[in-house]
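Colleague: Quick paste from TrEMBL:
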- 126-167: repeat 'WD' (REPEAT)
- 168-210: repeat 'WD' (REPEAT)
- 252-293: repeat 'WD' (REPEAT)
- 357-500: domain 'U3 small nucleolar RNA-associated protein 15 C-terminal' (DOMAIN)
Amino acid sequence: MEYRRIGTKSFPQPAKAVAPEAEYWKKFKASVTFNTADSPVLVKEYASVTSISFSPVRPYDFAVSASARVQIYSSRTCSIKRSVSRFTDTAYGASFRSDGKLMVAGGQTGIVQIFNANSRAILRSLKKHTEPVHITKFLPNNTNVLSCSDDKAVIIWDIPSQEAVSVFEKHTDYVRAGAVIPESPNIVISGSYDHTVKLWDIRSNECILDIDHDYPVEDVLAFPGGGLIAVAGGPCVKIYDTLAGGRHVTTIGNHEKEVTSLAFDGAGSRLLTGSLDHHVKIYDVQDYRMLHSIKYPAPILSLGVSPDDTVLAVGMSSGLLSIRKRPHTAEESQAREEELKKLFGGTYEYFLRGKAYGGDKDDFRVEARRRNRLADYDKYLKSFQYSNALDAVLSKNRTGLTVVSLLEELVHRDGLRQALAGRDELSLDPIVRFLIKYITCPRYSNLLIDVTNILLDIYGTVLGQSTAIGELLGRLRRKIDTEVRLQSQLQQLMGSMDMLIATSESSALRRAAAASAANATSS
């Protein structure tokens, strides 16, 4: 019969205090924090990170608007790939087209500029706004651009002709929020400091829905499908049903200060909100329950999540851009490698194809029998050398759990007394030291008390012959005495608490009885 090596004793694990959702978001580690105000000429108010936009195509680079430039960061390396500095003043609202090839941005001058995302060349300059443009987005048809400005106008631009095809001017204050609905290419959304959110129909050039938000609107976000919209303004986020005439669905009010930015995760199942209270909060879009919260060192102005849910970027008013990365799971990494490693004839990978072939799923595989490598104490146990096995497990700084597992195996084999007997001062020393260290551990105490009693039975008549062992046994006794006193004090404390609880319960019963008697008398 083959020898079965000792299995390490296992204990019940305590329940995790961290919820699965919080554990997921904690995987977004703070990869790096950049200070976008890297030039001493720029002051903080010019270096605030006002917008973050991820490219919808791989490798999901993201554009950051800060100061008089738009920087494109790599999602893989978290470093700057390109920097667009063709602005004469502060740049706002940079965003990508759906194919990731073009980028549009507004600015303090009121000019809307369209760039090539790779060459950074200016392709179009759209001039009609008279005040700063804070929001720019491509429409789903990729030939029109939405811009929202402080001149209270919302304009739809035609890229080829560089003309404004629709101008909406019904807002009465700055327009600082805008969104498009991919499923409804003819509908755009705008939000203003006049507390209203308006839906515009490009075909009729009319406002088809007007919603009063009660606060200046900082950001709007359309849910997948376009039936619901999230509106950030004041210390809350409100959800409205556009298909029901702008009916208010619910209010999310977990922030203490102004909510400035909204974003969905890659799957659209989580809503992220950023606020001036330094927090990013994550909500479930099914029941709008808050799942997790992340604190940052400064007020938050913008945030974004990559479409593959691996990068969380947050921009702050202090000029800090925080980038958190979540490592790919095994399935995601494998799919990514298969996509990236496409073999082509003539390459080295093509020459090595089939090297890792593991056979078809129906093939019968014969695995070579592997011999289990035994630990030194297992080898001694296999040959019934119990004393040597105990010496081996104590000699290499193994964990207390391993030593206890061996001691239990010796008890099952009725070899514990044999392993402890016949020892000199040097071989007895590590055993007594182990008892001193672990005898008060609740998980091991029952077994180690028995070991101590057996040890005293064997060596009780010769204890005075070794000064070193005598000192160790003195330490062991003092530790046991301390534990006994502690247990006695705990028992006294429990008795006092039981008495207080019983007194409190009896007083409550007497008060209840007196109250019922008084009610009966009055009636």
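Glycine too: its Cβ is placed from the backbone N, Cα and C atoms.
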Colleague: The repeat 'WD' (168-210): which same-chain residues, six or more beyond its ends, come within Cβ distance under 8 Å?
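Modeller: Contacts with the repeat 'WD' (168-210): 131, 134-135, 137-141, 144, 146-150, 152-156, 216-222, 224-226, 229, 231-233, 240, 242, 245-246.
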Colleague: Could you put numbers on the helix, strand and coil content of the repeat 'WD' (168-210), residue by residue per DSSP?
Modeller: 0 helix, 28 strand, 15 coil
Colleague: Looking only at the repeat 'WD' (126-167), report the model's average pLDDT.
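Modeller: Mean per-residue confidence for the repeat 'WD' (126-167): 95 out of 100.
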Colleague: Using DSSP, how many residues in the repeat 'WD' (126-167) fall into helix, strand and coil?
Modeller: 0 helix, 24 strand, 18 coil
Colleague: Can you count helix, strand and coil residues in the repeat 'WD' (252-293) using DSSP?
Modeller: 0 helix, 23 strand, 19 coil
Colleague: How many helix, strand and coil residues does the domain 'U3 small nucleolar RNA-associated protein 15 C-terminal' (357-500) contain under DSSP?
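Modeller: When I sort the residues of the domain 'U3 small nucleolar RNA-associated protein 15 C-terminal' (357-500) into the three classes, I find 104 helix, 0 strand, 40 coil.
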